[in-house]
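Here the structure comes first, spelled out in structure tokens, and everything after it is commentary.
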Amino acid sequence: MNRKIIVLDTTLRDGEQVPGAKLNVQQKLEFAQQLKRLRVDIIEAGFPASSQGDFQAVREIARSMGDSVGITALARAVKSDIDAVYESVRIAQEPLIHIVLGASNVHVEKKFNRSKEAVLQMGVDAVKYAKTLLPQVQYSTEDASRADFEYLWKTIEAVVRAGATIVNVPDTVGYAIPEEYGELIRKIHDRLKNLDDKVILSVHCHNDLGLATANTLSAVKNGAEKIECTINGLGERAGNTSLEETVMALKVRESLYRCSTNIDTTELLRTSRLLTHLTGLDVQANKAITGENAFAHSSGIHQDGLLKDKQVYEIMSPEDVGAESMELVLTARSGRHAVKHAIAKLGFDTSNTDAFEIVFQKFLALADAKKEVYDHDLYYLLNDQREQAEHASRLFELRSFQVVTNDLCPTAAVVLMQNGEELKGSAVGDGPIDALYTAIKTLTGLDVHLTHYKINSISRGKEAVGRVNIQLDFQGKTYVGRAMDTDIIKASGQAFLNGVNAVILDQKESVQAF
Ligand code: KIV
Ligand code: ZN
């Protein structure tokens, strides 16, 4: 009989630690709703002690998710962190406190500078305290793959006796290899089931050697009952275990693993695209399962084989991951009903008639400009619309601009609006974008530094929309700005301004929070 593997998604916690992937509360809620449609078992919604914004986001997610999904958030092994998790998740139907504490020698000695016994006691005390607040407590033995095994086991034994209901064994630095990690999980599994067979054994891997998915699968083969993953493998450094890869491997090779998950795999591609859209972090074209080319067969030999029988070169069908329903092509003649249907299919709420009408008018303008409108384009229309509605009067708006480019003296003239006031300026630069950015920067008066600029086309066709992602540094913090337009200079200017607006919003939020 198949074992059921519990899937915890940590995109909103471990994934969100990536520079530039910071989402606002509304975006996190939207993504959490999609994770619910994907049918993950548990959402790790954030690290509430880290900021007021994170606390608020976790609480909103806990409030709005209903009873089909568990909600957790991360705490270090200190009372104030555990309190913050408790206060933010308690309202959920199935709340869980997640505590993390280092277990390897290097963590104990270098990070804490304490004896092993003292660190172990910190973990036990933290679990005991968390248990006074909630019945479900997960304990993560950070850096477990580099820990001394007997100390690791001693820690696990002690926290289980203190009441932990889930023991998580992270490969925090992506050091493990599949055989070794599988063996570690097997040894822990054997002892844990003797100690208390109701305690769940969980795994959490990082991808520094490109082995996170392989290590997670090896752990499942050796007894892991719960896996922690992120969409698109987003996460610290090289990322975390990719949810879509692991879940599809378990499904495609079910007869080998004899395991299944609750995931609705037909929601995988939609979830991946939503994340890309919200964070601006693209998935590589040849990425397994969700990359642009994951189901594209280009060589003649392969195409010939496929025409004879799909099984010749296909181990899973695009429909299994929701690919066929992503092919939305709308035109200026598509009408309100079709556009509304397409937007709802992307997971957005269309019940507000006024808001929909604004989006529809933008859609018509875009469809006139580029003839065919794809789901990517709709995502951006919706995002633009929401950002404008949210921040209407407080921030800078790009009213008009002119750019002259030549090999002598590229120049830009810009008109911005702020609180009903018109601001005009001009600048020269090394090139047209540099001139445009210098003019905008001078008008806003913020000493931001451009650290990253990327332009690519979204969707297909020669009239494709250009999407610009930028990163700004302001006082050591990274901010992102994104924009799209059929005019790539305008998209560039707007993306820069969105980055500047993100700095201003962050400063306002920090002032309000403290
Ligand atoms: O990588 C890690 O060790 C973590 C823990 C908090 C589970 O993210
Ligand atoms: Zn991690």
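Placement of Cβ uses the backbone N, Cα and C atoms for every residue, glycine included.
It should be emphasised that the depicted structure is a prediction, and the values quoted were computed from it without experimental measurement.
Sequence annotations record features per position, and here TrEMBL assigns domain 'Pyruvate carboxyltransferase' to 5-269.
DSSP assigns ASN240 (Mn(2+) binding site) to a strand. Residues annotated as Mn(2+) binding site in TrEMBL: ASP14, HIS204, HIS206, ASN240.
Broken down with DSSP, the region 'Regulatory domain' (397-514) shows 39 helix, 53 strand, 26 coil. Marked as region 'Regulatory domain' by TrEMBL: 397-514.
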(message) Can you give me the residues near the recorded Mn(2+) site, meaning same chain, not ASP14, HIS204, HIS206, ASN240 themselves, Cβ no more than 8 Å from the center of the site's Cβ atoms?
(response) THR10, PRO170, THR172, CYS205, ASN207, ALA212, GLU228, CYS229, THR230, GLY235, GLU236, GLY239, THR241
(message) Return the average pLDDT for the region 'Regulatory domain' (397-514) as a whole number.
(response) 86
(request) Determine the minimum-neighbour residue: among HIS204, HIS206, listed as binding-site residues, which Cβ has the fewest other Cβ atoms within 10 angstroms? (result) HIS206
(request) Let me know how many other Cβ atoms fall within 10 Å of the Cβ of ASN240 (Mn(2+) binding site). (result) 32
